[in-house]
């Protein structure tokens, strides 16, 4: 495994200032490990910031954390969310939907989907609270959301217009099983249901557009994160390997 390709994952998926001259092909080649490397790294940073903010702002720390979450991601996936929202609002043939997906202007569909995301995200972050489990909620949610975006790229053929989608699909199409195995420590019974339902919805959307793309994967990562986080908070990560390890840690100490 080349260090250059691994470090390039940070410059591609986040706003963390790590210089890399890796090509898109090299990034795509190692992207299957990004849920573990990038997902856990982001969760650790978010947890540290949240702890500091909570000491000052208490429950309102979740609102500030929303900005931190998007800032760490460089707002990259938000662009995909806005584009997908515009495409979903288009009535008509596939060509018109793809034009909206590629359009740089933001329409009512993009704004609408953004409001849906912000509403769910704010509720999830306000409910985050402060406990021993907070960091594990964030780790699980980051890993799961990144995995579902990459799993979509690996299992659904890309639209002809998406160069990024083609590159990632070619590099990931043999890695879908690996992506699922990476989930084992972090996914609960309830999140399996969320994962499957979310994937089926995105699969149907991809069919209407003619395939997957970088925008669709980015939108999936963005929109699924608060859903997984909210599920983790409500169910306390029950029936997951991560929760078992937490219980053992607390019991032994």
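Cβ from N, Cα, C; glycine included.
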Transmembrane segment per Swiss-Prot - which of 12-32, 33-53: 33-53
Range annotated as transmembrane segment - as stated in Swiss-Prot, picked from 157-177, 178-198: 178-198
Contact yes or no, the transmembrane segment (106-126) and the transmembrane segment (209-229), 3+ Cβ pairs under 8 Å, gap 6+: yes
Cβ contacts under 8 Å made by the transmembrane segment (33-53) with residues that lie 6+ beyond its boundaries: 6, 9-10, 13-14, 16, 61-62, 64-65, 68-69, 72-73, 128, 130, 134-135, 138-139, 141-147, 150, 179, 182-183
Within-chain partners of the transmembrane segment (132-152) [C-beta distance under 8 Å, separation at least 6 from its ends]: 13, 31-32, 34-36, 38-40, 42-44, 46-47, 50-51, 77, 168, 172, 176, 179-180, 182-183, 186-188, 191, 195, 198-199, 202-203, 206, 212, 216-218, 220-222, 224-226, 228-229, 232-233, 236-237, 240, 242-243, 246, 250
